[in-house]
Amino acid sequence: MYICVFVCVCVWVYFDGFVEEREKLRKLRSKITMRVNQRLSSPFAEESEVEDDYSKDGSVDLKGNPVRRSHRGRWSACFFIIVYEVFERTAYYGISSNLITYLTDKLHQGTLQASNNVTNWTATVWITPIFGAYLADAHLGRYRTFIVASFVCLIGMSLLTLAVSMPSLKPPPCLETNKENCKQTSRLQLAIFFTALYTLALGTGGTKPNISTIGADQFDDFHPGEKAQKLSFFNWWMFSIFFGTLFATTTLVYIQENVGWSLGYGIPTVGLAIAILIFAAGTPFYRHKLPTGSPFIRMAKVIVATALNWRQDIPNDSRQLYELQLEEYSKQGTFRIDSTSSLRFLNKAAIRTGSTHSWKLCTVTQVEETKQMLRMIPILICTFIPSTMLPQAQTLFIKQGRTLNRSVGSQFQIPPASLTAFVTISMLISVIIYDRFFVKIMQKLTNNPRGITLLQRMGIGMILHILIMTIASLVERHRLHVARKNGLEKNEEQLPLTIFTLLPQFMLVGVADAFSEVAKIEFFYDQAPESMKSLGTSYSMTSLGIGNFLSSFLLSTVSHITKKHGNNGWIENNLNVSHLDYYYAFLAVLSAINFFFFLVMSKMYEYKAEVSDSIKVLTDKLKASNINEKSAMMRGRADEGRGHLPPLYFVLD
């Protein structure tokens, strides 16, 4: 009987596939016939169609040849890129989310020292991308820089896995509450462990600024359809890669604390090796951008030329400034930028003085590129304080969690670092709601294809950061009250308070990230000149790096100041005698001050002109769609007001 069923299923599958294939052949024949008819009616139609299929944004293949949109790029290419980033995020967050636990429990470091080591390493991870961006934009190109850097990451991960696996590379276990009584880690052990960590940081300096930029490069700004897809790219980019973060903060963290650190670090190491192979497999589908020379030297020339021409008067007619012919830019696959009135003093670099030396005379386009990068610096500075808030979720929030009741049921214990999974979950949900609902509602109100501007989105995230630190302060005050009430302020025993008390602040961090972090990476990519996209993307990562360094500085400074005159400091190894509630309140006030500074800077900011009219096309479509909807609503209301009268022809009869 089973054989008969099997045969019947096979026959059904065969004939179903045959019918499907026959339908495909019929459609293909129809398509070929239509193409032949078009070719007969217009001999140049096919040539025109092929010409229109080439990307207009200067994209090339690895050999430097122009590429066709139908053959390369778009979401089919992004699939390989996103899969890599999922694995890379798994590796990164598999380390960073629980690093403070390894430093305190396995390497016997105190809370302050471990927190600062985590934030200093995280800061380095986010600072090094500016050098990777320079290499990509100036010399190697994004693809080649990424490939080299990804292998450096793999070396760092392999060495790190070795460091946590070999008993000789770590001190013996210690169950003492006060880690100062444990045998301290030797200099050699620390050297090997931190060499591995910072090798990984060096590698991520080449991967992080280029992977998202390579992804965004797969969409042509000059094609309205692809431009519309690009507007959603960063939302779905963050949505996809946070699946890797979710796996790291749940499964990997649990494995590290309950099975072993060797397996907990070994899994992402193997995953990263597989991810590199997957990315390489997508090479035939990628669009590439050629390196255009050092962006720092290009900007330095503008500043030097401005200084040398300082006494020169800027002509009222911008056409009198020095500029190349449009054909010159077309040959190079770059774009000419018209002169603007912002930062007008830099136009002195393009004044014709008789000299043709590149350090004395710059093109208008070169001047405008420099303006675009400089205009973003005040906004970049405004993001430092919000970036200081993020490390708290990976350091102090987790240390708080270790003092609370982590039991779920009779046996299962939640690893404190797993609470960061709720950051990921809330961000995933927020991104979906934002892209599918919020944007569509705001498009009707603003006629903006993005719904709201990137700076408005960033500002909402900053407001949420103020709320996060305020809630964190109130929750910590409640935790300290429970500790005092139960007489546990002098020791670090678990409090009779569930770890889920910290859940609101973790969830809000994810919602804030959906606004601020996505907007930040898209803003710095979008507003950077076409020839400096990797450098622009590195701005968002530099923000995170400086934010982490600033977090270490604030933590150390506040701890030092509050310990004066023999008082207990705000940040002690024993959190039950600390005053993290005061520290969080301080961060909330700092965030509020920064937000008002951001309002001033964003009001003064002038968005760069689009290199294509794709945004204008999308905006016009939105306006037309909104007008049609309003007209339909008005007609519907008018019909209701007439009380559903019978048709006119019926009345005339």
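Glycine is no exception: its Cβ is also placed from the backbone N, Cα and C atoms.
TrEMBL labels come from automatic prediction, so no person has curated them.
Feature annotation from TrEMBL assigns transmembrane segment to 146-166 (among others).
What TrEMBL lists as transmembrane segment is 186-203 (among others).
Feature annotation from TrEMBL assigns transmembrane segment to 236-255 (among others). Same-chain residues lying 6+ beyond the ends of the transmembrane segment (236-255) with a Cβ under 8 Å from its Cβ atoms: 82, 85-94, 97-98, 212, 215, 263-264, 267-268, 415, 417-418, 420-421, 423-425, 427-428, 431-432, 435, 513-514, 517-518.
Residues or ranges marked as transmembrane segment in TrEMBL: 261-281 (among others).
Residues or ranges marked as transmembrane segment by TrEMBL: 376-394 (among others).
Sequence annotations record features per position, and here TrEMBL assigns transmembrane segment to 414-434 (among others).
Per TrEMBL, the feature transmembrane segment maps to 454-475 (among others).
Positions annotated as transmembrane segment by TrEMBL: 536-562 (among others). If one looks beyond the transmembrane segment (536-562) by at least 6 residues along the same chain, the residues whose Cβ comes under 8 Å of a Cβ in the stretch are 112, 115-116, 119-120, 122-130, 132-133, 208-210, 212-213, 373, 376, 380, 383-392, 395, 517, 520-521, 523-525, 527-529, 568-571, 579, 583, 586-587.
Under 8 Å from some Cβ of the transmembrane segment (582-600) lie the Cβ atoms of residues 379, 382, 384-386, 388-389, 392, 396, 458-459, 462-463, 465-466, 469-470, 472-473, 476, 554, 558, 570-571, all in the same chain and six or more residues away from its ends. Residues or ranges marked as transmembrane segment in TrEMBL: 582-600 (among others).
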**OP:** Report, as numbers and ranges, every residue of the chain located at least six residues beyond the transmembrane segment (146-166) whose Cβ falls under 8 Å of a Cβ in that stretch; write 'none' if there are none.
**Re:** 84, 88, 91, 95, 102, 106, 132, 136, 140, 189, 192-193, 195-207, 210-211, 214, 261-262, 264-266, 268-269, 272-273, 276, 279-280
Subject >> Chain residues in Cβ proximity to the transmembrane segment (454-475) (below 8 Å; excluding those fewer than six residues from its ends, i.e. six or more beyond) >> reply: 379, 382-383, 386, 389, 392, 397, 501-502, 504-505, 508-509, 511-520, 522-523, 526, 581-582, 584-585, 587-588, 591-592, 594-595, 598-599, 602, 605
